[in-house]
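Peer 1: Sharing a structure, written as C-alpha coordinates. Questions coming.
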(Lines of atoms letter the chains of each structure in order from A and count residues from 1; the text may use other names and numbers.)
(Lines give C-alpha, C1' and ligand atoms only; values in the text may rest on other atoms or scores of the structure.)
Protein backbone atom coordinates (compact mmCIF):
# COMPACT_ATOMS: atom_id res chain seq x y z
CA UNK A 1 0.00 0.00 0.00
CA UNK A 2 1.31 3.45 -0.96
CA UNK A 3 2.38 5.52 2.04
CA UNK A 4 2.88 9.25 1.77
CA UNK A 5 4.37 11.44 4.46
CA UNK A 6 1.73 13.44 6.36
CA UNK A 7 2.37 17.15 6.78
CA UNK A 8 3.08 16.87 10.50
CA UNK A 9 6.03 14.59 9.72
CA UNK A 10 7.58 17.14 7.37
CA UNK A 11 8.63 19.85 9.79
CA UNK A 12 11.13 22.43 8.66
CA UNK A 13 14.24 23.00 10.74
CA UNK A 14 13.65 26.55 12.06
CA UNK A 15 17.30 27.62 12.12
CA UNK A 16 18.10 30.32 9.59
CA UNK A 17 20.65 29.66 6.87
CA UNK A 18 22.33 32.08 4.50
CA UNK A 19 21.35 30.82 1.07
CA UNK A 20 23.14 31.57 -2.20
CA UNK A 21 21.00 30.68 -5.21
CA UNK A 22 22.61 30.43 -8.66
CA UNK A 23 20.64 30.89 -11.86
CA UNK A 24 21.59 31.87 -15.39
CA UNK A 25 18.71 33.13 -17.52
CA UNK A 26 20.24 31.56 -20.64
CA UNK A 27 20.11 28.01 -19.32
CA UNK A 28 16.53 27.42 -20.47
CA UNK A 29 17.41 28.28 -24.07
CA UNK A 30 19.36 25.11 -24.74
CA UNK A 31 17.59 22.23 -26.48
CA UNK A 32 18.83 18.64 -26.67
CA UNK A 33 16.59 17.93 -29.64
CA UNK A 34 13.04 16.94 -30.51
CA UNK A 35 11.87 13.97 -28.46
CA UNK A 36 14.86 13.99 -26.10
CA UNK A 37 13.95 13.46 -22.45
CA UNK A 38 16.36 16.03 -21.04
CA UNK A 39 14.89 19.52 -21.17
CA UNK A 40 16.91 22.38 -19.63
CA UNK A 41 13.72 24.46 -19.81
CA UNK A 42 12.64 22.81 -16.53
CA UNK A 43 15.29 24.89 -14.72
CA UNK A 44 13.66 28.06 -16.02
CA UNK A 45 10.26 26.74 -14.93
CA UNK A 46 11.55 26.08 -11.41
CA UNK A 47 13.09 29.56 -11.29
CA UNK A 48 9.80 31.11 -12.36
CA UNK A 49 7.99 29.39 -9.49
CA UNK A 50 10.70 30.43 -7.03
CA UNK A 51 10.34 34.05 -8.12
CA UNK A 52 6.54 34.08 -8.22
CA UNK A 53 6.26 32.56 -4.74
CA UNK A 54 8.72 35.25 -3.55
CA UNK A 55 11.21 32.74 -2.20
CA UNK A 56 13.93 35.00 -3.57
CA UNK A 57 13.32 37.42 -0.69
CA UNK A 58 15.17 35.09 1.67
CA UNK A 59 18.07 34.27 -0.65
CA UNK A 60 20.93 35.99 -2.37
CA UNK A 61 20.62 35.40 -6.12
CA UNK A 62 23.70 35.19 -8.31
CA UNK A 63 24.50 34.63 -11.94
CA UNK A 64 27.77 32.72 -11.75
CA UNK A 65 30.57 33.24 -14.21
CA UNK A 66 30.53 30.33 -16.67
CA UNK A 67 33.42 27.98 -16.02
CA UNK A 68 36.45 28.40 -18.24
CA UNK A 69 38.03 25.58 -20.24
CA UNK A 70 40.94 25.63 -17.80
CA UNK A 71 38.59 25.19 -14.84
CA UNK A 72 36.80 22.31 -16.56
CA UNK A 73 40.13 20.52 -17.02
CA UNK A 74 40.57 20.31 -13.25
CA UNK A 75 38.65 17.05 -13.78
CA UNK A 76 38.13 16.49 -17.51
CA UNK A 77 40.87 15.91 -20.08
CA UNK A 78 42.08 18.74 -22.30
CA UNK A 79 41.13 16.85 -25.46
CA UNK A 80 37.59 16.21 -24.29
CA UNK A 81 36.92 19.81 -23.25
CA UNK A 82 38.40 21.08 -26.51
CA UNK A 83 35.97 18.82 -28.38
CA UNK A 84 32.96 19.93 -26.32
CA UNK A 85 33.94 23.55 -26.85
CA UNK A 86 34.35 23.32 -30.64
CA UNK A 87 31.78 20.81 -31.87
CA UNK A 88 28.45 22.07 -33.27
CA UNK A 89 25.64 20.48 -35.28
CA UNK A 90 27.05 22.20 -38.38
CA UNK A 91 30.60 20.87 -38.09
CA UNK A 92 29.72 17.47 -36.62
CA UNK A 93 30.99 15.68 -39.73
CA UNK A 94 34.50 16.86 -38.90
CA UNK A 95 34.48 15.02 -35.56
CA UNK A 96 33.32 11.51 -36.45
CA UNK A 97 36.23 9.85 -34.65
CA UNK A 98 35.84 12.03 -31.55
CA UNK A 99 32.12 11.27 -31.34
CA UNK A 100 32.93 7.60 -30.85
CA UNK A 101 35.81 8.20 -28.45
CA UNK A 102 33.86 10.65 -26.28
CA UNK A 103 30.53 8.75 -26.44
CA UNK A 104 28.59 11.56 -28.06
CA UNK A 105 25.52 10.38 -29.95
CA UNK A 106 21.85 9.64 -29.35
CA UNK A 107 21.71 9.95 -25.54
CA UNK A 108 24.25 12.76 -25.50
CA UNK A 109 23.66 14.63 -28.76
CA UNK A 110 25.55 17.63 -30.05
CA UNK A 111 23.27 20.67 -29.92
CA UNK A 112 23.67 24.40 -30.46
CA UNK A 113 25.50 25.98 -27.54
CA UNK A 114 26.64 22.68 -25.99
CA UNK A 115 29.89 24.17 -24.70
CA UNK A 116 28.16 27.19 -23.19
CA UNK A 117 25.55 25.00 -21.50
CA UNK A 118 28.26 22.91 -19.85
CA UNK A 119 30.10 26.00 -18.66
CA UNK A 120 26.94 27.49 -17.12
CA UNK A 121 26.17 24.25 -15.27
CA UNK A 122 29.69 23.87 -13.91
CA UNK A 123 30.16 27.56 -13.15
CA UNK A 124 27.20 27.58 -10.76
CA UNK A 125 28.42 24.55 -8.81
CA UNK A 126 32.01 25.76 -8.63
CA UNK A 127 31.02 29.26 -7.49
CA UNK A 128 28.54 27.78 -5.01
CA UNK A 129 31.31 25.66 -3.51
CA UNK A 130 33.64 28.68 -3.39
CA UNK A 131 31.05 30.71 -1.46
CA UNK A 132 30.68 27.89 1.05
CA UNK A 133 34.47 27.78 1.40
CA UNK A 134 34.67 31.51 2.02
CA UNK A 135 31.90 31.40 4.61
CA UNK A 136 29.69 33.65 2.47
CA UNK A 137 26.79 31.17 2.53
CA UNK A 138 25.60 28.18 4.53
CA UNK A 139 23.70 26.64 1.62
CA UNK A 140 24.30 27.02 -2.11
CA UNK A 141 21.71 26.02 -4.73
CA UNK A 142 22.36 25.29 -8.40
CA UNK A 143 19.52 23.47 -10.14
CA UNK A 144 21.42 23.63 -13.44
CA UNK A 145 23.95 21.29 -11.82
CA UNK A 146 23.77 17.72 -10.60
CA UNK A 147 24.89 16.10 -13.88
CA UNK A 148 26.35 13.04 -12.23
CA UNK A 149 27.03 10.62 -15.11
CA UNK A 150 29.75 12.55 -16.97
CA UNK A 151 33.18 10.90 -16.87
CA UNK A 152 36.68 12.32 -17.16
CA UNK A 153 36.72 12.03 -20.96
CA UNK A 154 33.28 10.74 -21.83
CA UNK A 155 29.70 11.96 -22.00
CA UNK A 156 27.09 9.67 -20.47
CA UNK A 157 23.42 9.66 -19.54
CA UNK A 158 22.57 13.15 -20.88
CA UNK A 159 25.60 14.56 -19.00
CA UNK A 160 28.69 16.05 -20.66
CA UNK A 161 30.67 17.73 -17.88
CA UNK A 162 30.52 16.74 -14.24
CA UNK A 163 29.78 19.90 -12.28
CA UNK A 164 29.45 17.84 -9.09
CA UNK A 165 33.01 16.55 -9.23
CA UNK A 166 34.29 20.04 -10.01
CA UNK A 167 32.29 21.48 -7.11
CA UNK A 168 33.64 18.84 -4.73
CA UNK A 169 37.20 19.51 -5.91
CA UNK A 170 36.61 23.16 -5.00
CA UNK A 171 35.22 22.19 -1.57
CA UNK A 172 38.28 20.03 -0.90
CA UNK A 173 40.46 23.14 -1.04
CA UNK A 174 39.05 24.02 2.37
CA UNK A 175 37.12 21.04 3.76
CA UNK A 176 38.97 17.91 4.91
CA UNK A 177 36.01 15.58 4.19
CA UNK A 178 33.02 15.97 1.88
CA UNK A 179 29.91 13.78 1.79
CA UNK A 180 28.10 13.38 -1.53
CA UNK A 181 24.46 12.17 -1.39
CA UNK A 182 22.62 11.21 -4.59
CA UNK A 183 18.81 10.79 -4.62
CA UNK A 184 18.47 10.43 -8.39
CA UNK A 185 16.79 7.20 -9.55
CA UNK A 186 19.99 6.44 -11.51
CA UNK A 187 23.25 5.54 -9.80
CA UNK A 188 25.65 8.47 -9.44
CA UNK A 189 28.40 6.60 -11.28
CA UNK A 190 30.44 9.54 -12.55
CA UNK A 191 30.94 11.02 -9.10
CA UNK A 192 31.62 7.66 -7.47
CA UNK A 193 34.20 6.78 -10.13
CA UNK A 194 36.00 10.11 -9.72
CA UNK A 195 36.56 9.56 -5.98
CA UNK A 196 36.57 5.75 -5.79
CA UNK A 197 40.14 5.63 -4.42
CA UNK A 198 39.86 8.77 -2.28
CA UNK A 199 39.08 8.83 1.44
CA UNK A 200 38.38 12.57 1.52
CA UNK A 201 35.07 12.10 -0.29
CA UNK A 202 32.35 9.66 0.68
CA UNK A 203 29.69 8.96 -1.95
CA UNK A 204 26.26 7.62 -1.03
CA UNK A 205 23.80 6.81 -3.82
CA UNK A 206 20.15 5.75 -3.46
CA UNK A 207 19.04 4.37 -6.83
CA UNK A 208 17.01 1.74 -8.68
CA UNK A 209 18.14 -1.84 -8.25
CA UNK A 210 18.71 -4.21 -11.18
CA UNK A 211 19.12 -3.87 -14.92
CA UNK A 212 18.82 -0.13 -15.30
CA UNK A 213 21.11 2.60 -16.59
CA UNK A 214 24.01 2.94 -15.90
CA UNK A 215 24.18 -0.65 -14.64
CA UNK A 216 26.48 0.13 -11.72
CA UNK A 217 26.03 0.79 -8.02
CA UNK A 218 25.93 -2.67 -6.52
CA UNK A 219 25.75 -3.04 -2.76
CA UNK A 220 29.22 -4.61 -2.85
CA UNK A 221 30.83 -1.61 -4.60
CA UNK A 222 32.52 0.07 -1.64
CA UNK A 223 35.64 1.75 -3.04
CA UNK A 224 39.22 0.54 -3.33
CA UNK A 225 42.60 1.47 -1.87
CA UNK A 226 42.36 4.51 0.38
CA UNK A 227 38.76 4.87 -0.76
CA UNK A 228 37.66 1.47 0.54
CA UNK A 229 34.43 1.81 2.58
CA UNK A 230 33.98 5.34 1.22
CA UNK A 231 31.49 4.43 -1.50
CA UNK A 232 28.03 3.43 -0.30
CA UNK A 233 25.38 2.11 -2.67
CA UNK A 234 21.74 1.59 -1.72
CA UNK A 235 19.90 -0.20 -4.57
CA UNK A 236 16.13 0.20 -4.14
CA UNK A 237 13.13 -1.68 -5.55
CA UNK A 238 10.61 -0.24 -7.99
CA UNK A 239 7.65 1.56 -6.46
CA UNK A 240 9.32 2.60 -3.21
CA UNK A 241 7.11 5.13 -1.42
CA UNK A 242 7.71 8.04 0.94
CA UNK A 243 7.59 6.11 4.20
CA UNK A 244 9.89 3.32 3.00
CA UNK A 245 12.39 5.77 1.50
CA UNK A 246 12.45 7.82 4.70
CA UNK A 247 13.00 4.69 6.82
CA UNK A 248 16.09 3.85 4.74
CA UNK A 249 17.48 7.32 3.99
CA UNK A 250 17.52 8.89 7.44
CA UNK A 251 19.18 6.06 9.44
CA UNK A 252 21.87 5.57 6.79
CA UNK A 253 22.73 9.26 6.55
CA UNK A 254 22.72 9.51 10.35
CA UNK A 255 25.24 6.65 10.64
CA UNK A 256 27.43 8.15 7.92
CA UNK A 257 27.47 11.49 9.73
CA UNK A 258 28.46 9.81 13.00
CA UNK A 259 31.26 7.79 11.42
CA UNK A 260 32.63 10.07 8.69
CA UNK A 261 31.91 13.51 10.19
CA UNK A 262 32.07 15.49 6.93
CA UNK A 263 32.51 19.23 7.08
CA UNK A 264 30.49 19.81 3.87
CA UNK A 265 27.69 17.98 2.06
CA UNK A 266 26.69 17.95 -1.60
CA UNK A 267 23.11 16.78 -2.21
CA UNK A 268 22.01 15.84 -5.73
CA UNK A 269 18.21 16.16 -5.96
CA UNK A 270 17.41 14.24 -9.13
CA UNK A 271 13.68 14.57 -9.82
CA UNK A 272 13.39 11.25 -11.64
CA UNK A 273 12.81 9.52 -8.31
CA UNK A 274 9.39 11.21 -8.19
CA UNK A 275 6.22 9.25 -8.87
CA UNK A 276 5.16 9.39 -12.51
CA UNK A 277 8.57 10.19 -13.96
CA UNK A 278 8.97 9.27 -17.61
CA UNK A 279 12.07 7.19 -16.90
CA UNK A 280 11.98 6.39 -13.19
CA UNK A 281 9.86 3.68 -11.47
CA UNK A 282 9.91 5.07 -7.93
CA UNK A 283 6.77 6.36 -6.20
CA UNK A 284 7.95 9.34 -4.16
CA UNK A 285 5.64 12.30 -3.72
CA UNK A 286 6.99 15.82 -3.75
CA UNK A 287 6.73 15.74 0.03
CA UNK A 288 8.76 12.55 0.34
CA UNK A 289 11.42 13.89 -2.01
CA UNK A 290 11.63 17.16 -0.08
CA UNK A 291 12.10 15.26 3.16
CA UNK A 292 15.62 14.35 2.01
CA UNK A 293 16.51 18.02 1.54
CA UNK A 294 14.96 18.97 4.86
CA UNK A 295 16.71 16.16 6.74
CA UNK A 296 20.15 16.95 5.31
CA UNK A 297 19.59 20.65 6.02
CA UNK A 298 18.83 19.82 9.66
CA UNK A 299 22.33 18.36 10.07
CA UNK A 300 23.69 21.91 10.17
CA UNK A 301 26.65 21.30 7.85
CA UNK A 302 27.52 23.61 4.93
CA UNK A 303 25.54 22.21 2.05
CA UNK A 304 25.27 22.45 -1.72
CA UNK A 305 21.91 21.54 -3.30
CA UNK A 306 21.99 20.53 -6.97
CA UNK A 307 19.52 19.45 -9.61
CA UNK A 308 19.94 16.29 -11.66
CA UNK A 309 17.61 14.00 -13.56
CA UNK A 310 13.87 14.40 -13.85
CA UNK A 311 11.89 13.98 -17.04
CA UNK A 312 8.33 14.88 -16.13
CA UNK A 313 9.41 18.45 -16.19
CA UNK A 314 6.41 20.17 -14.59
CA UNK A 315 6.77 17.93 -11.56
CA UNK A 316 10.51 18.51 -11.38
CA UNK A 317 10.05 22.29 -11.50
CA UNK A 318 7.39 22.20 -8.78
CA UNK A 319 9.47 19.94 -6.58
CA UNK A 320 12.63 22.04 -6.82
CA UNK A 321 10.63 25.16 -6.01
CA UNK A 322 9.01 23.35 -3.08
CA UNK A 323 12.39 22.17 -1.82
CA UNK A 324 13.78 25.68 -2.10
CA UNK A 325 11.11 26.63 0.43
CA UNK A 326 12.44 23.98 2.79
CA UNK A 327 15.90 25.47 2.53
CA UNK A 328 14.45 28.63 4.12
CA UNK A 329 13.45 28.92 7.73
CA UNK A 330 10.06 27.57 8.79
CA UNK A 331 8.30 30.94 8.81
CA UNK A 332 8.89 31.35 5.10
CA UNK A 333 7.39 28.06 3.94
CA UNK A 334 3.87 29.39 3.46
CA UNK A 335 0.95 26.98 3.55
CA UNK A 336 -0.36 28.37 0.28
CA UNK A 337 2.88 27.32 -1.40
CA UNK A 338 2.53 23.79 -0.09
CA UNK A 339 -1.12 23.42 -1.02
CA UNK A 340 -0.97 25.15 -4.40
CA UNK A 341 1.79 22.92 -5.64
CA UNK A 342 0.52 19.78 -3.95
CA UNK A 343 -2.94 20.13 -5.47
CA UNK A 344 -1.57 19.89 -9.00
CA UNK A 345 0.69 16.93 -8.24
CA UNK A 346 -1.53 14.50 -6.38
CA UNK A 347 -2.55 11.74 -6.39
CA UNK A 348 -0.29 10.84 -9.30
CA UNK A 349 1.84 12.89 -11.63
CA UNK A 350 1.22 12.68 -15.37
CA UNK A 351 4.02 13.33 -17.85
CA UNK A 352 2.14 13.19 -21.15
CA UNK A 353 1.68 16.96 -21.46
CA UNK A 354 5.44 17.47 -21.23
CA UNK A 355 5.65 16.28 -24.83
CA UNK A 356 4.37 19.69 -25.88
CA UNK A 357 7.32 21.56 -24.35
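The backbone N, Cα and C atoms fix where each Cβ goes, and this holds for glycine too.
These numbers come from a predicted model, not from an experiment.
Residues or ranges marked as domain 'Histone deacetylase' by TrEMBL: 36-321. Among the features that TrEMBL reports, substrate binding site is placed at 107, 157, 311. The active site, proton acceptor annotation in TrEMBL covers 149. Taken from TrEMBL, the feature divalent metal cation binding site applies to 184, 186, 272.
Help me picture where these features are in the structure shown.
Peer 2: For the domain 'Histone deacetylase' (36-321), the model gives a mean pLDDT of 98.
Proximity of residue 107 (substrate binding site) to non-local residues of its own chain (separation of 6 or more, Cβ distance below 8 Å) is seen for 155, 156, 157, 158, given in sequence order.
For residue 149 (active site, proton acceptor), applying a Cβ distance below 8 Å and a minimum sequence separation of six or more within one chain yields 156, 157, 158, 159, 162, 186, 188, 189, 190, 214.
Following the DSSP three-state reduction, the secondary structure of residue 186 (divalent metal cation binding site) is coil.
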Peer 1: Inside 8 A of the center formed by the CB atoms of 184, 186, 272, which other residues of the chain have their CB, for the recorded divalent metal cation site?
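Peer 2: Other same-chain residues with Cβ inside the cutoff are 185, 207, 208, 270, 273, 279, 280, 308, 309, 310.
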Peer 1: With every protein chain in view, what's the tally of Cβ atoms within 10 Å of the Cβ of residue 184 (divalent metal cation binding site), excluding that atom itself?
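Peer 2: Result for residue 184 (divalent metal cation binding site): 26 neighbouring Cβ atoms inside 10 Å.
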Peer 1: Can you tell me how spread out the substrate site is, meaning the largest CA to CA distance among 107, 157, 311, in Å?
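Peer 2: Between the outermost Cα atoms of 107, 157, 311, the distance is 14 Å.
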Peer 1: Within 8 Å of the Cβ centre of 107, 157, 311, which other residues of the chain have their Cβ, at the recorded substrate site?
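Peer 2: Not counting the recorded site residues, we get 37, 38, 149, 158, 159, 186, 213, 279, 309.
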